[in-house]
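Undergrad: Handing you a structure now.
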Amino acid sequence: MTKKKTTKKAIRKEIYVIAIMFATVFIAMIVYLSYYVKEGAKDFIYNSYNSRFSAFSDDVTRGSIYTADGHIIAKTSYDDSKQEIRVYPDERLFSHAVGYVDQGMAGLEAYYSFDLLKSHISLKDQINNNLSGKKSPGDDLYTTFDYETQVAAYEGMGMYDGAVIAIEPSTGKVVAMVSKPDYDPNTIATYWNDINSESNSKSVLLNRATQGAYPPGSTFKIVTTIAYLRANNGNSDFSYNCNGSLKVGDFTIHCSSNKSHGSENLLKAFSNSCNSAYAYMGINLNKDEFTETAEELLFNDTLPTQIEATKASNFSLANSDDKLVGQTSIGQGNTTVSPLHMCMLVSAIANDGELMEPYYADKLVSAEGDIVSQTDEKSYGQIMSDSEVDLLNEYMEAVVMDGTADSVDFGDLKVYGKTGTAEYTTNKSMTHSWFVGYAIDNTGKELAIAVIMEGAGYGSKHAAPLAAKVFNAYFQ
Amino acid sequence: MVSVLITFSRITILIFVMVFTLLDVIQIFEAKIGEDLSGIFSTIQSIMVVCFLINGSIILYYVKEDPRIIILAIFQLALFIAISISMTKLNYGKSGALLNNMLMLLSFSFIALERLDMSRATRQFVFAIASAGIAILAMLVLKNIKHINRKLFIFALVGIALLLIVHFTGKVEYGAKLSLSFGGISIQPSEFVKLTYLFFISGCIVTYKDMRGFLFSTIGAALHVLVLVFSKDLGTAMIFLVAYVFIIFIAYKNYIVLSLEFIVAFAGGIFAYNRFPHIQSRFIAWSDPLSVIDDKGYQITQSLFAIGSGGWFGSGLTNGQPNKIPVVTKDFIFAAISEELGAVVAICLIVIVMCTSIMLFNRAFACSSSFYMLIINGIAIIFSIQAILNIGGVIKFIPSTGVTLPFISYGGSSLLSMFICFYIAQCSDELIYINKGRRRYD
């Protein structure tokens, strides 16, 4: 009998070769399905074609959204007729970040709709609620925003349109994000048609901080500087004699106010924001290497963030003549950036060249206080070398100490920055005011920021003082 | 009250299915754990099947307030008892692991269909009764055909003829010719050709011990596959091809032939991809469904929405929106199960299917005639590949091929052919004894 069995085994072992092949495929499918449910589904199911969200709200009350320091920025309440309504206590303060639920959802309300409508309270309570016909409370979303910092950024914008975004360099946490013009999510339904009418050209719904496409102006000199350093193997030797303008063929690039800066090294050219020197520098760079550096600094591709719906920045030197290359080198030309992108670059400088991917949805917490899920800090990797970071720190410090931003009062903070004054029409008197940079306090805490104020004029007059206010609020 | 029942049942259903699944994994080693223990496990499994079916039916009854559900549940249990008795009678009391799996898959089918479409559920139940009856009859017929393996050319002729009829007169569904219509009843002959095909190939190999066996089976298989390809029924063509390749491998134990055939099949796949636009569009729908969400990608994205929205523990039976998925009762029924009963239950279902596949291979391994050994291998292969193509397509593991999920998808032809297959697998030794005039061995 045993002998018979062994021969059968020997003869028919191929059966199990096939059986194991199939079993392997089944197990692979189980792994794939598990992975999809755990990771993939999260990105996939937030889609307007998925009609299932509305059904969740029958059993669950949509959870609240909080700042990191516990301020409620969105909650579910009840109107006079006991109908659920969504309330935003700070009205316009977080409009683009938090979004809205009426009119098809946007912002965090849209991306976390699914999670806000899931309840992770104990099963016993869920059954009790079911029995008594009550809804279970949905999970709450904690953001990374700091309330006071957001207020400072929001109020600092005053009447201007534009954007502010501030990031903690060591983690990627977005601490403040403002985009103007804005809207009041409480009442968006009533003036929805007005916002979207063709005569309204202000793009109120656009989140300028993550999706704006601005000319970077002189803040782009950070990129040109890195391109120059990479072209010269990290050697920062540079000399230029500025007489206030540079002739490129029949086109003249002027320094700000036609000021002649005289003899400059790289440090001086950067801190003076000398257009002539940078146009000259850019024209003499190899176009392909310049483009390669820009792309290493995240141009022309989706930004590596954990924030949904961000816009890629554009940089192109293809078919550019010297005139256009010169303009591009000083942040004019065809280049466009989002404030988020500029903030990521200075954040990487502050974090010794390592870029942490920005995020502002921190964690989901059940109504009973248990953490349901938490966003992990994620490093994109080193986008600048140590020596590049050292030089840029030196240059950006000079901008604040005795360069274009020396008139700005940053208090006791150590600040590294770059101003920008970006032309956006042929009318040279109309300029956007830029400031990008970061600050460190005496405990080593850091904050990176990008500010743009549309049509405000000099970066040093408007954007940099606003950055100072935001820093002050954050480091209090 | 109803919502409490549903919430509570999310746990109980999970427990029933998980206990069944756990025992199923143990039951793969049926031969090692001994008859007594295996018998106890089988009994527990049968209880789980009944509990699952009753629990699901109760929820559906309260939600739909349709008394037909209770009546159906009673008849379904009666059918299960009838199937169990018939199988025990036909095979002298072998342990019932494979039988339990078949009944569990049927229970999934009944509950899912009753939830999705009551009239289809009723019809499917009628098909199930008919299929069980026909399968028992088929066993009695097979017992009484002498030298069935030598009738191989009849099987080949019948098979190819049926496929040709479909090719020339069948109606086109989803870009492929699949079915014939007789006075309102539509049948899919390819489901039955799977059986004649297995009898033919196994017959060739057993009857001709020399190269002719290989030659005839290859030519016959090629003819079947070609007709299917030209009918654009590529899912079935693939099943036939894989079944042929693996049966040849098991019969001749030749790794070189296996690799060669893989290369030929791969080349054929590339040829088909270039030749048929509807395969290309399925590839696009697979690689980036959101880009064609309005059109070719609609079905798979709805399926993924369903699975993703249901999450690990599901929305609860009747709480989801599985009817948003086109053709959900046939090709995409797995997504409906996963949405409402949860991904954990869906994963258990994959494990159950995998265990069923292994048990079928176990049966082949233990079979005392080489003819039925090959046929049962073929059944195991067809069952497995069909489940893989179906579930893989639903979860976007592979491009969707429009193949049904054995025992679970709506459709009478596929159900009947699977019933016959499982009866053969369960009763093969009985079929042989009479044929060869031998009665028993120990």
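Count begins at 1; order follows the chain as displayed.
Any Cβ shown, glycine's included, is placed from N, Cα and C.
From TrEMBL, here are the annotated features:
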type     : residues  : note
TRANSMEM : B:6-26    : transmembrane segment
TRANSMEM : B:38-63   : transmembrane segment
TRANSMEM : B:69-85   : transmembrane segment
TRANSMEM : B:125-145 : transmembrane segment
TRANSMEM : B:152-172 : transmembrane segment
TRANSMEM : B:192-209 : transmembrane segment
TRANSMEM : B:221-249 : transmembrane segment
TRANSMEM : B:255-273 : transmembrane segment
TRANSMEM : B:341-365 : transmembrane segment
TRANSMEM : B:371-395 : transmembrane segment
TRANSMEM : B:407-425 : transmembrane segment
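Can you tell me where each of these features sits in this structure?
TA: Residues 33, 41, 44-45, 48-49, 51-52, 55-56, 58-59, 63, 97, 100-101, 104, 313-314, 316-319, 341-342, 344-345, 348-349, 351-352, 355 of the same chain sit 6 or more residues outside the transmembrane segment (B:6-26) yet have a Cβ under 8 Å from a Cβ within it.
Long-range Cβ contacts of the transmembrane segment (B:192-209) within its own chain (Cβ-Cβ under 8 Å, at least 6 residues beyond either end) map to 148-153, 155-156, 158-159, 162-163, 216-217, 220-221, 224, 236, 239-240, 243-244, 247-248, 251, 370-372, 374-375, 378-379, 382, 413, 416-417, 420-421.
Counting same-chain residues at least six beyond the ends of the transmembrane segment (B:221-249), those with a Cβ under 8 angstroms from any Cβ of the stretch are 156, 159-160, 163-164, 166-167, 170, 175-178, 190, 193-194, 197-198, 201-202, 205, 214, 255, 257-258, 261-262, 265, 268, 272, 276, 278-279, 374, 377-378, 381-382, 385-386, 389, 401-403.
Within the same chain, residues 10, 13-14, 17-18, 20-21, 24-25, 27-28, 30-31, 97-98, 101-102, 104-105, 108, 307, 310-314, 317, 334, 373-374, 376-377, 379-380, 383-384, 387, 391, 406, 425-426, 428 sit at least 6 positions outside the transmembrane segment (B:341-365) and bring their C-beta atoms closer than 8 Å to a C-beta of that stretch.
Here the transmembrane segment (B:407-425) has Cβ contacts under 8 Å with residues 87, 90, 98, 102, 105-106, 108-109, 112-113, 117, 120, 123-124, 127-128, 130-132, 134-136, 138-139, 142, 179, 187-189, 191-192, 194-195, 329-331, 333-334, 337, 360, 363-364, 372, 375-376, 379-380, 382-383, 390, 431 of the same chain, all six or more residues outside its ends.
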